[in-house]
Amino acid sequence: MAPTKQPDHRTDRHPFLLSVEDVANQLGVSIETGLTARKVAELQQTCPPNELVGGGGIAWYKILIKQISNAMILVLFFAMALSFGVGDMVEGGVLAAVIVLNCSIGFYQEFQAEQKMESLRALSSPSAAVLRDGKVDVIPSAEVVPGDIVILKTGDTVPADLRLFETMNLYCDEKSLTGEAEPVEKTTESNIIIPGTEKLATEEGEVGIGDRFNMAYSTTTVTKGRGRGIVSSTGMATEVGKIAASTTRKQRKAGRSMNYKKYGKSQPIKGLSRRIYDFVGKFLGLTEGTPLQRKLSKLAYILLGCAILLAIVVFGVNKFHVTDEVAIYAISTGIAIIPESLIAVLTITMVVGMTVMRKANVVVRDLSALEALGGVTNICSDKTGTLTQGAMIVKKVWLPKVGIYTVNNSMDPNDPTQGTVSKARDSAPMPAKTEETIDYDQQRSAVALKFDIPAEKALKDQQSGTQTSTEEDAVLGPNLEPFLEAVALCNLATVKLEHVEGGDEKKWQTTGEPTEIALQVFAHRFARGKKQFLAQGWKQVAEFPFDSSIKRMSVVYHPPGGKPSMVFTKGAVERILDFCTTIGTGSNNEPINDELKKHIMDQMDVLAGQGQRVLAVAAKVWDGIFHLEKGKGSDDELRAEVEQDLTFVGLVGIYDPPRDETKGSIRECSEAGIKVHMLTGDHPATATAIAKEIGIIPRNMGQLSPDVANAIVQKATDFDKMTEAEIDALPELPLVIARCAPDTKTRMIEALRRRGKFMAMTGDGVNDAPSLSSADVGIAMGLAGSDVAKGAAKIVLTDDKFDSIVAAIREGRRMFSNIQKFILHLLSSNVGEVILLIAGLGFQDGTGFSVFPLSPLQILWINMITSSFPAFGLGKEKASFDIMRRPPHNIKWGVFTPQIMVDMMVYGVIMGTITLLTFVIIIYGVNDGNLGHDCNRFYSDDCKPVFRARATVFAELTWLILISAWEYKSIRRSMFSLDPNSESRFPLFKDVYENKFLFWAVVIGALSVFPAVYIPGLNTVVFKHIGITWEWGLAFGAVILFVFGIEVWKYIKRTYHLFEEGEEDVNTDRRKLRLRQGFFTMAKSRTSSIGSMSRRNTERSADGNSIHEKVADIGRMGSTPTTRSLLNKQETRTDRSADEQV
């Protein structure tokens, strides 16, 4: 067990006063390799977790108060008080037990849910990149220990107090700690000056924490640059921990102040009223919680009002002559309308939903996201690492007047020794041959497809071979050297050949962004990696990090031998080309002109058209030795000076293959009525090629009307220039936006919202935080995402995969559907009970008192025992076969859709009518209307007919409620044919047994009727009924009649298409559709996962044929399916909105 007291793992003086070497020695760490695993284990045993004490989840007593203040519990409290007041100790005692049981279950489940939410939030809480045993690991911030080497980059939250020993343009936002409004630039030197003097600081108290520039503090964020530091303090020993230990802050909502001097004389009254409103709303659950929880709280109080109204009705029928019997009847009607187990069932369903999503690599940070996922109509996703694998490999390098370098047969993005590099002479991009009657490359994306190449073209490719006579093996030369210098040095990634842990085998290990890893790996193919250049004496003196708004990065280096400094820049081609005045290196250098720029852009289009991400590389020789003078001009001014008059060096094409599962997930979204938009920073041609390959847009855009074809693929610059009116006038919002900036995402969200859409937005960078927080469902990337992005999102993907988003939506829909099912189950039975009891007011005995058909404890038994467990079972139902073939649910209605409300009334009326008729048959048909005397309280021979009728109604209603749970497994399909794909002639038993919890809840609940009816004392004293004989036949007959009634209503809904507005819209949309995403090609690309490519020789398909055999079969086909054959014919356009067309 971790200690609670911070042990002494500190330096002899504050780290900001010591040199880096002193800090490292005193903490026992190497700045080159970090802590060893053994040292980390020792520190974790003696150091508390790197967490701040306090905060956490909701206190247990607040959860308990919340349970007691629930409207449904208040009704039971009122009923219990009345029962004790009229002297019915048995009923009062049972009600007290029910209250304790219900509150205990609710408290336990909600407490468990809070703990689970805390653990899930911990999974998505700020993480830290640490260097341990020479390897970079990403760990939860709570696991950081003193002495850890932490690596910081833009967007990170500093996990602990650090003594920095490496900084590159590093700025931290410390206003939450020091109040400093501007980000603070960090240094590594230990020569900290006492403010206001020129003396070096020698004691901790001489310099405030805001002036210790070589320290980075826990919970502050990195706004720019990168750096590394040694952890000096963790947890409560950090500066922010010291503040947390001495103060606790509570932030009050705006407008709650009572300061009349500041806000006026009326403010105390306004502030007090708002505080009272907040307290009452919070106490009653009406102003806090998820939308569904607030809606159910409102429902509870509506039902409370109905219960009071029904009690008044009971009193009114009895002319307000309120005797004990009248009060008991009022209690019965009040209890009947309250679904006592609803909150507990909802809580359990939420917990199950969170657990299932966690297994699907989805961490829910906000419970409201669970409810919102089922209503998502549009997904705006990034491309790299989400739709694609993020495992990038340099495929092409083009150097002006030198040639094209091609990487062949490389499948491992980390191994520079795998594959070969060939070189072909430079030539102008070749236009498509006019002799071909069909332009295959125009119709197909040419993204190195294997399964979707027309047979004629495949044959020509085989005849031509993979290498032409103009290609030769690439060698390192003076023309290639400058390019390798630029891509290796303007790069933060590392590539190392290291021993695998626990063995003698060496393996290539990489760290950094996938794009930079690809560039570094290419440089290593020629033994010109960054490490080799640094060993030669190159020294970095400045860095201008990549910025998504300008899409480029630059560094400045001092070369060895005292030569002039060098500037290296890489980034988007258009952005780099604007700053270039010359092109080529060495003897090939010449001034750049419009013709050469066009040649560069044409070459870029060729690479981008092959699905490659294209970057430009540039360099320049600085005039003399570069000196970074602090305080001279702003960073933007210095950057502008560094990045002007560049020399264009070359283009590099990087291929990132789509994930295997992406196309299937997009197809599933299309069937579910969800559109997928790809918002990427890539070139339009690259984005278009990948979008075609995974099915976001059709390969043959000619199948679309011109205005739709022009609208669905746009550059961010064009989209951002449009006014809101122009965007709203588009026939279809863009499905692909290239060169996307963070502001573009926000505009896309606003455009979707104006069209009434409900969107999910993915993001990973710091600048994505506004769009993540403003989207209906913000989804952050857990692997590549920044801490700021994770904090702004409601959901975090731990694997960054697009199909995890689809899995989350599928689970959200399943949970939403199940909530509807158990709400229908609970409330329809309440409607039936109320109908029975209100009609029962007419059954008056000789003294004029109403005889209730169900006793209060029978109602409690039915609501708490009979209904609860089947409701739990419905909450655990698997997703139905068509869960992703339905349209998204209407967010406006939520779970209480018109269909649910009508079903609740129809089934409740059927249930209430059948049970009422049963009571009438026994009392008036068999016993001549004998209602006895005082049969609401005591048993006598005179009450025998009433007690028998009551027992029959109790058994019957129990069975009706239980059997309805099986019927509600599908709200529209027959219970006897829940799965249309089943080949069984009578699949009922198989279908109902599939959910074993629900099955046994129904069976055991049905059998529990017999002891409840026959156990002496329990039946007459508690339940107010006695054993029955022939009446069982009525109960069985009622079950058959009830099932028949439900089946008839379901048949009517299916036949007359009632409550199918959403489904009809989607079906009509599909019939008229020009854009069925995921269905544009059924072919599979050759670019399956890189990891699986090496296994293809032995991989077998499901029918026993190898993949290569299937390729051969496809190669023998005369033709492949065209886009036209997979789409419906284009119909004449009408003035329908774009969303109806697409």
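A Cβ is built for glycine as well, from the same backbone N, Cα and C atoms used for every other residue.
Now, the feature entries from TrEMBL:
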COMPBIAS  1086-1095  compositional bias 'Polar residues'
COMPBIAS  1096-1113  compositional bias 'Basic and acidic residues'
COMPBIAS  1119-1129  compositional bias 'Polar residues'
COMPBIAS  1130-1142  compositional bias 'Basic and acidic residues'
DOMAIN    14-88  domain 'Cation-transporting P-type ATPase N-terminal'
TRANSMEM  68-86  transmembrane segment
TRANSMEM  92-111  transmembrane segment
TRANSMEM  299-320  transmembrane segment
TRANSMEM  326-352  transmembrane segment
TRANSMEM  822-843  transmembrane segment
TRANSMEM  855-875  transmembrane segment
TRANSMEM  906-926  transmembrane segment
TRANSMEM  946-966  transmembrane segment
TRANSMEM  997-1017  transmembrane segment
TRANSMEM  1029-1049  transmembrane segment
* Run through the domain 'Cation-transporting P-type ATPase N-terminal' (14-88) and tell me, per DSSP, how many residues are helix, strand and coil. => 45 helix, 3 strand, 27 coil
* Hey, which bits of the same chain come close to the transmembrane segment (822-843), Cβ under 8 Å, at least six residues off its ends? -> 303, 310, 313-314, 317, 329, 332-333, 336-339, 341-342, 345, 349, 850-854, 859, 862-863, 867, 870-872, 874-875, 895-896, 900, 903-905, 907-913, 915-916, 919, 923, 931, 953, 957, 960-961, 964-965, 968, 971
* In the same chain, which residue numbers or ranges, 6 or more beyond the ends of the transmembrane segment (855-875), come under 8 angstroms Cβ to Cβ? -> 79, 83, 90-91, 94-95, 98, 101-102, 328, 331-332, 335-336, 338-342, 344-346, 348-349, 352, 818-819, 821-822, 825-826, 829-830, 833, 936, 950, 954, 957-958, 961-962, 965, 968-969, 995, 997-999, 1001-1002, 1004-1005, 1008, 1012, 1022-1025
* Can you name the far-off residues of the same chain, 6+ from the ends of the transmembrane segment (997-1017), with a Cβ under 8 Å from a Cβ of it? -> 861, 865-866, 869-870, 872-874, 876-877, 951, 954-955, 958-959, 962-963, 965-966, 969, 1023, 1025-1028
* Asked: When only pairs 6 or more apart in sequence are counted, do the transmembrane segment (906-926) and the transmembrane segment (299-320) reach 3 or more Cβ pairs under 8 Å?
  -> no
* Quickly jot the same-chain residues contacting the transmembrane segment (299-320) by Cβ under 8 Å, restricted to those at least six beyond its ends, or write none. => 70-72, 74-75, 284, 286, 326, 329-330, 333-335, 337-339, 342-343, 830, 834, 837-838, 841, 848-850
* Structure fact -> Per the Cβ filter (under 8 Å) with a sequence gap of at least 6 from its ends, the transmembrane segment (1029-1049) is approached by 903, 906-907, 910-911, 914-915, 918, 921-922, 948-949, 951-952, 955-956, 959-960, 963-964, 967, 974-976
